[in-house]
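> Got a structure for you, questions after.
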Amino acid sequence: MAAKEVKFGDSARKKMLVGVNVLADAVKATLGPKGRNVVLEKSFGAPTITKDGVSVAKEIELKDRFENMGAQLVKDVASKANDEAGDGTTTATVLAQAIVNEGLKAVAAGMNPMDLKRGIDKATIAIVAELKNLAKPCTDSKAIAQVGTISANSDSSIGDIIAEAMERVGKEGVITVEEGSGLENELSVVEGMQFDRGYLSPYFINKPDTMVAELDSPLLLLVDKKISNIRELLPVLEAVAKAGRPLLIVAEDVEGEALATLVVNNMRGIVKVAAVKAPGFGDRRKAMLQDIAILTGGTVISEEVGLSLETATLEHLGNAKRVVLNKENTTIIDGAGQQADIEARVAQIRKQVEDTTSDYDKEKLQERLAKLAGGVAVIKVGAGTEVEMKEKKARVEDALHATRAAVEEGVVPGGGVAWVRALQAISELKGENEDQNVGIALLRRAVEAPLRQIVTNAGGEPSVVVDKVKQGEGNYGFNAASDTYGDMIEMGILDPAKVTRSALQAAASIGSLMITTEAMIAEVAEDKAAGGMPDMGGMGGMGGMGGMGGMM
């Protein structure tokens, strides 16, 4: 085991503070509408230019191990805020820096660190409760677009495209961000339920120009097993032929003579039919078949519930307005399922999302949720160069997280104003002793830091602006983009309450713990020997290289 170096008390905290400030100073340069960019070196390819706080934080590693520990702890604040709300990383870093700087001054002045921490915790709880009171629900497209715009560093085109995507696929819909091929951002929406399985035979295609099989007003037969024997299918096929409607078969697989017979019937025009494999595997396949059944008002034919293909009737089949199959995907549009059943299924899946611990399962469950509740939208990010594309894509993802958070917990006035208004909640707050009161006062100063930093980045005088904002009421604040004062919500400067709350909670949690640090332990840096090869002691003569005659 390598030797360790231990630092105590002030000397440890000073080193830690250096690391905190290096990281936070780099990150906070990006805050606000007039925040600057940070250029990150990459081991290969062009450097990356970013205004995303967490991207900057992730790049920073310091040579001095004690300083690095301070930097890594603040990095954790940014990551924690990012994990919970997907945005607010820069704000969280600025808050953490303010808490640590103010807190370590108080510790150096002889205050009890544990009481300071208790004071900070008490004030945090009060401010979080007040932020919830300040929050207004965010339901209309205009507010959603404004939240997206602010999060994407005042880029209104990003805010508008996210608002449009949310309007089209609903609040529960899945919105994914991909790299586009043009200069403009594009939005494409898949309405209805789409799953990644295509037709089992190209002979099902009835639109050769687009290479798709399209069924209008079809019946859907959902089967939880392989179908290889056509005899099992005959009763259903005859009933469907009499009804004169097309049929889509969704089964674990359709093979052999069953598939051949379906193809022949389809080509002769006896029954218009198409077959597709069920999506997913194992238990997930059963769950997804059940989703399709609920969406279309059908029943899954499964031996587990005592149903077999031979006994299946038209009552067991689902209905949809249209089904489109191509080589890779199947889309079911306007299933005829009961709204109450769909809502119950959505609630059940939402409960599973809350209960699961696996990120993979959570993602798959959310996909199922979106397919049932709305649809899937894809935002294709357009840019002139690869470097710009990466930077823009990161901003779109941030803005998307922010708008989701806004829909979830509402919005508060942006630009650091919500913190200043929430201070009323702790104006009368008292701790159990003087040191706790110092902790409360310390947080009171720290929550002004985001507003101060926004003003500094905009080239203004922070103290003057903070004072003026404090004199105002409600949503009155400072618009750094236009250097004006006014109603933040009317000017469209909104922050999601969830982002604001989780930024403070992450900063207070880690910041207050850092104040209570008394010792730091790190490995002793080894002095590596100077580079270069060892002395070769004069490489003697190479002898006569005689006898090289016969070489051509």
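Each residue's number is its place along the chain shown, starting with 1.
Placed from the backbone N, Cα and C atoms, the Cβ positions cover glycine too.
According to Swiss-Prot:
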type: BINDING; residues: 30-33, K51, 87-91, G415, 479-481, D495; note: ATP binding site
> Output the one of G32, K51, T90, A480, D495 that, of all these binding-site residues, has the highest number of other Cβ atoms within 10 Å of its Cβ.
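The residue with the most neighbouring Cβ atoms within 10 Å is D495.
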> Which ones in the same chain are close to G415 (ATP binding site), with CB under 8 Å and 6+ residues apart in sequence?
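Within the chain, G415 (ATP binding site) has Cβ neighbours under 8 Å at G32, L451, I454, G477, F478, N479, A480, M488, I493, D495.
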> If you skip the near sequence neighbours and keep only those at least six away, which residues in the chain come within under 8 angstroms of G88 (ATP binding site), Cβ to Cβ?
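Long-range Cβ contacts: A81, N82, A402, D495, V499, T500, S502, A503.
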> Could you tell me which three-state DSSP class K51 (ATP binding site) falls into?
coil
> Give the helix, strand or coil assignment DSSP yields for T90 (ATP binding site).
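Going by the DSSP assignment, T90 (ATP binding site) falls within a helical segment, counted as helix.
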> Provide the number of Cβ atoms within 10 Å of the Cβ of T30 (ATP binding site), excluding the reference atom itself.
22
